[in-house]
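Lifted from Swiss-Prot, the feature list:
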BINDING   Arg49, Val50, His51, Ser52, Glu53, Gln70, Glu92, Gly93, Arg94, Thr114, Thr149, Lys154  GTP binding site
BINDING   Cys54, Cys65, Cys67  Zn(2+) binding site
ACT_SITE  Asp126  active site, proton acceptor
ACT_SITE  Arg128  active site, nucleophile
Amino acid sequence: MQLKRVAEAKLPTPWGDFLMVGFEELATGHDHVALVYGDISGQTPVLARVHSECLTGDALFSLRCDCGFQLEAALTHIAEEGRGILLYHRQEGRNIGLLNKIRAYALQDQGYDTVEANHQLGFAADERDFTLCADMFKLLGVDEVRLLTNNPKKVEILTEAGINIVERVPLIVGRNPNNEHYLDTKAAKMGHLLGK
């Protein structure tokens, strides 16, 4: 186990009241959070989203990506379902960090795509570690999920880490003229399933 569960509190939102559960990485002290809606116990697979931190999309309403749109849609789906989990995975910019993400944006402004920009900065296309999310699910007592994602690699990694993904639920929202090239690159170079 790479994490420990350290704190929890009620979080009222426009979608209803969630239980916010805080986790800490044992090796680094980095924190992550889960938003739990309703009763997630029992044998029925839980609707869940692993949402990687995106300050620009989630908090600053950037149209360069689909992250903020996906966050809102995931919370809506979970609330409509009556139960579910959103793991907020604190690995900004596919885990290159905020400042490097800004540098990658500058390279994209010069014509590089999102993958090429990461490579120019010395990073892989995706530096995230989703095994942390498997540990969060386990610490919440969940081992079967219906995963809201367009990323088959996320399904593969979570499955290898012991989480039974019984269904991949598409989450295709937020396409706009500012992020079309970004989304097309994620589909073509990273295998994301983003049918237009």
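From the backbone N, Cα and C atoms, a Cβ is placed for every residue, glycine too.
These figures come from a predicted structure and were not determined experimentally.
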Drop a 10 Å sphere on every Cβ of the binding-site residues Cys54, Cys67 and tell me which sphere holds the fewest other Cβ atoms.
Cys67
State the three-class DSSP label for Cys67 (Zn(2+) binding site), counting H, G and I as helix, E and B as strand, and everything else as coil.
helix
Per DSSP, three-state class assigned to Cys54 (Zn(2+) binding site):
coil
If you measure from the Cα of the residue listed as 'active site, nucleophile', which of the binding-site residues Arg49, His51, Cys65, Glu92, Arg94 is the nearest?
Arg94
Residue pair Cys67 (Zn(2+) binding site), Arg49 (GTP binding site) - Cα distance, angstrom, rounded:
12
Taking 8 Å from the centroid of the Cβ atoms of Cys54, Cys65, Cys67 as the cut-off, which other residues in that chain fall inside it around the Zn(2+) site?
Ser52, Thr56, Gly57, Asp58, Ser62, Arg64, Asp66, Gly68, Gln70
Neighbour count, 10 Å Cβ-Cβ cut-off, for Arg94 (GTP binding site): what number do you get?
22
Rounded Cα separation (Å) that holds between Arg94 (GTP binding site) and Cys65 (Zn(2+) binding site)
12
Give me the Cα-Cα distance between Cys54 (Zn(2+) binding site) and Glu92 (GTP binding site), rounded to a whole Å.
6
Can you see whether DSSP assigns Arg49 (GTP binding site) to helix, strand or coil?
strand
Within 10 angstroms of the C-beta of Arg128 (active site, nucleophile), what count of other C-beta atoms is obtained when all protein chains are considered?
22
Between Arg49 (GTP binding site) and Cys65 (Zn(2+) binding site), find the distance joining the two CA atoms and give it rounded to the nearest Å.
17
How many neighbouring Cβ atoms, not counting its own, are there within 10 Å of the Cβ of Glu53 (GTP binding site)?
21
